[in-house]
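Asker: Straight out of TrEMBL:
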- C215-C236: disulfide bond (DISULFID)
- C289-C358: disulfide bond (DISULFID)
- C314-C335: disulfide bond (DISULFID)
- 66-163: domain 'Ig-like' (DOMAIN)
- 169-264: domain 'Link' (DOMAIN)
- 269-360: domain 'Link' (DOMAIN)
- 1-25: signal peptide (SIGNAL)
Amino acid sequence: MMVAHPRPLLVILLQLLLSCLPALGYSSNRFFYQDILNGNGNGEIHFNGVKLHVDSSQPFVFALRGSNATLSCRYWYEPELSSPRRVRVKWSWLPIVGGHETDVLVAIGPRIHSFGDFRDRVHLRQDSPGDASLVMTELQLNDTGRYRCEVIDGLEDKSATVNLELRGVVFPYQPPHGRYNLTYHDAQQVCQEQDSTLATFEQLFQAWEEGLDWCNAGWLADGTVQYPITKPRRPCGGLGLSPGVRSYGSRHRHLHRYDVFCSSSPLQGKVYYLQLPEKVNLTEAQQACFKDGAQIAKVGQLYVAWRFMGLNHCDAGWLADGSLRYPITKPSRNCGPLEPGVRSFGFPPPYQKHGVYCYSAGMQ
């Protein structure tokens with residue numbers, strides 16, 4: 001009586017399992033499985049007595065838009081192996097606003113492939129054996145989120161996570177049609193239109209620690225609705241509550257409507273008040289910036305210029321959303337409250353005559 005060798009049976013079973021995955025709604029990238037099963041991999045599917053470990057020395061990384069960041073990841077074996085093994089390294093990304101994990105990069109030995117918006121912006125550091133750290137260049141606002149480093153050796157599969165957050169400035173935003181008119185998805189859209197993203201709780205908390213006081217509740221990236229109070233008062237939770245970030249908890253993303261807290265990060269280029277011989281209406285403001293080789297500035301861009309570039313100008317100017325604002329870093333009696341901030345006059349009729357703030361990506 002012949003006894004089948006267990007290893008060929010294991011390979012056959014694995015092949016059958018992989019052939020069933022598409023029917024279950026799982027779309028694998030064949031980049032990995034073909035490499036293991038075609039005989040060009042490690043030469044074995046599983047080995048006994050050895051454990052694979054994966055860890056990150058820095059689970060939280062903070063960076064600025066346009067900069068580079070390294071997300072640490074290292075793998076090793078216990079007991080230590082006498083010779084290196086060719087493993088599969090996969091980095092994936094879960095956006096801060098939730099959703100499905102997205103592939104960032106897959107590597108097997110020297111073969112590396114990056115995906116989507118991460119293409120040509122990511123690579124593995126590989127400074128030493130077991131180094132699977134992800135190097136990201138030219139960071140974008142939407143890169144904030146949780147990244148997972150997964151290392152696969154045959155049937156061994158271990159992973160570690162790293163959270164990336166872009167530092168910036170948090171600002172409350174209310175649309176032209178008034179207070180508490182945004183669903184969660186509306187909030188996402190208006191932040192994007194103003195060169196920003198939905199703020200995280202951590203970003204709002206830091207802004208509160210730095211003095212942000214705002215009585216209107218707004219959406220955050222995790223779907224909760226909160227607002228920061230540094231000076232307790234009756235209309236904002238009452239006098240009996242201590243300063244802090246007030247929370248309404250998670251709200252229905254389609255039914256409930258609030259304002260929003262957006263976050264924007266430093267950018268290349270310059271925001272400036274355009275000197276004109278006379279005041280202009282909104283349409284003329286847009287045209288004036290265009291003629292100057294620029295575009296009318298967005299709210300997020302003005303906040304970044306105020307916070308990180310020290311923009312200080314006492315003249316109110318049009319912005320792209322039709323609002324009228326001006327940035328003050330050095331308060332004076334003729335320029336509103338005696339504290340730094342971006343002053344807002346709301347959304348005046350577009351035919352009114354005012355100044356304008358422009359943004360040029362090519363200026364420094």
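The backbone N, Cα and C atoms fix where each Cβ goes, and this holds for glycine too.
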Asker: Under DSSP, the domain 'Link' (169-264) has how many residues in helix, strand and coil?
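Answerer: Secondary-structure breakdown of the domain 'Link' (169-264): 22 helix, 30 strand, 44 coil.
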Asker: Which residue counts does DSSP give the domain 'Link' (269-360) for helix, strand and coil?
Answerer: 20 helix, 25 strand, 47 coil
Asker: Nearest by CA distance to C358 (disulfide bond): which of the disulfide-bonded residues is it, out of C215, C236, C314, C335?
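Answerer: Of all the candidates listed, C314 is nearest in space.
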Asker: Using DSSP, how many residues in the domain 'Ig-like' (66-163) fall into helix, strand and coil?
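Answerer: Across the domain 'Ig-like' (66-163), the residues distribute as 6 helix, 51 strand, 41 coil.
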Asker: For the disulfide-bonded residues listed here (C215, C289, C314, C335, C358), tell me which residue's CB has the most neighbouring CB atoms inside 10 Å.
Answerer: C358
Asker: If you compare CA-to-CA distances from C289 (disulfide bond) to each of the disulfide-bonded residues C215, C314, C335, which comes out shortest?
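Answerer: The smallest Cα gap between C289 (disulfide bond) and any of the disulfide-bonded residues is with C314.
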Asker: Tell me the Cβ neighbour count for C236 (disulfide bond), meaning other Cβ atoms within 10 Å of its Cβ, over all protein chains shown.
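Answerer: I get 18 for this one.
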Asker: C215 (disulfide bond) to C335 (disulfide bond): how many Å between their Cα atoms?
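Answerer: Rounded to the nearest whole number, the Cα-Cα distance is 22 Å.
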